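Over in Swiss-Prot, the protein carries these features:
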BINDING   81, 83, 85, 92  Ca(2+) 1 binding site
BINDING   164, 166, 168, 175  Ca(2+) 3 binding site
BINDING   242, 244, 246, 248, 253  Ca(2+) 5 binding site
BINDING   278, 280, 282, 284, 289  Ca(2+) 6 binding site
DOMAIN    68-103  domain 'EF-hand 1'
DOMAIN    104-139  domain 'EF-hand 2'
DOMAIN    151-186  domain 'EF-hand 3'
DOMAIN    188-223  domain 'EF-hand 4'
DOMAIN    229-264  domain 'EF-hand 5'
DOMAIN    265-300  domain 'EF-hand 6'
SIGNAL    1-19  signal peptide
């Protein structure tokens, strides 16, 4: 059972840092590409299909006729129209694309859900999570494995409260997803930065200096000479990370490092799909406009929409 995801992540980080001193640990979170294919609508729409449905889902479209594709695309459109006003806006399309690209995250949450939802009420309370994750450890105030579980639990509780949007100490699936994968949510970015700084800031001054920055990536105890990438990272810190040149990174500088403002591929694709399909140029799409351009969205392919719609309903 996957009942201790954060504990396992912590333990793996420790092993990583101590067992492979020459390998670089990367804390930077980048968005995955929408598709591995070229975006060339002059040749085909495969990139758009992958972006709209997710690359794995798009592979299962091959056996559907155009009529079946249009029918099932119509059902998808109803799901995208979040406010049910009969139109699909660029923002709604962007949100759908982002969700399609995060399928692996939702699958991970789904696998863990049943282990924590002890009373089967389709919610996970902090007490449920705490009891499953830390119950046996808290019975021993001084475990011999070197981990401070009370400290780790307090950190998890702080993150849980941040993910719990309505403050009821109970998480629905979207809130629990934000708890397990905070880097994917705008309102959770501050907690990602805070946890990163707590991990790296060894002297407790609230900043990350050069030696702490390098020490987090590289364990030099067993080596005479530093690998070349370490020297490069020292330069990166001085030239780019430490923007105000005070010799350390503050919260804003740390956020720029680990959560860079990457090019928003989902937004660009949403703009592209609206531009190509919006025949009356009112800035939003009707179901008819989307179905008229079904080849752009799904072509003569389509996902196993029965499965897809059930999965998206759950979230």
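One-based numbering along the chain as shown.
From the backbone N, Cα and C atoms, a Cβ is placed for every residue, glycine too.
Overlay of Swiss-Prot annotations on the structure.
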residue: 92; record: Ca(2+) 1 binding site; Cβ within 10 Å: 20
residue: 166; record: Ca(2+) 3 binding site; Cβ within 10 Å: 9
residue: 168; record: Ca(2+) 3 binding site; Cβ within 10 Å: 12
residue: 175; record: Ca(2+) 3 binding site; Cβ within 10 Å: 19
residue: 242; record: Ca(2+) 5 binding site; Cβ within 10 Å: 21
residue: 246; record: Ca(2+) 5 binding site; Cβ within 10 Å: 11
residue: 253; record: Ca(2+) 5 binding site; Cβ within 10 Å: 19
residue: 278; record: Ca(2+) 6 binding site; Cβ within 10 Å: 18
residue: 280; record: Ca(2+) 6 binding site; Cβ within 10 Å: 9
residue: 282; record: Ca(2+) 6 binding site; Cβ within 10 Å: 10
Mapped onto three states, the DSSP assignment of residue 164 (Ca(2+) 3 binding site) reads coil
Across the domain 'EF-hand 4' (188-223), DSSP labelling yields 21 helix, 2 strand, 13 coil
Closest by Cα to residue 284 (Ca(2+) 6 binding site), out of the binding-site residues 81, 244, 253, is 81
For the domain 'EF-hand 4' (188-223), out of 68-103, 104-139, 229-264, 265-300, most C-beta pairs under 8 A are with 229-264
Cα nearest residue 168 (Ca(2+) 3 binding site) among binding-site residues (81, 83, 248, 289) -> 83
For the domain 'EF-hand 1' (68-103), the averaged pLDDT of the predicted model is 90
Rounding to whole Å, the Cα atoms of residue 244 (Ca(2+) 5 binding site) and residue 83 (Ca(2+) 1 binding site) are apart by 44
Residue counts for the domain 'EF-hand 1' (68-103) under DSSP, helix then strand then coil, are 26 helix, 2 strand, 8 coil
Long-range Cβ list for residue 81 (Ca(2+) 1 binding site), cut-off under 8 Å, min separation 6+ in sequence, same chain only, gives 87, 88, 92
Cα nearest residue 289 (Ca(2+) 6 binding site) among binding-site residues (83, 246, 248) -> 83
Among the binding-site residues listed as 85, 164, 242, 248, the Cα nearest the Cα of residue 280 (Ca(2+) 6 binding site) belongs to 85
CB neighbours within 10 A of residue 164 (Ca(2+) 3 binding site), counting all protein chains shown, number 19
Secondary structure of the domain 'EF-hand 3' (151-186) by DSSP, residue by residue, totals 25 helix, 2 strand, 9 coil
Of the binding-site residues 83, 85, 164, 282, the one whose Cα sits nearest to the Cα of residue 253 (Ca(2+) 5 binding site) is 164
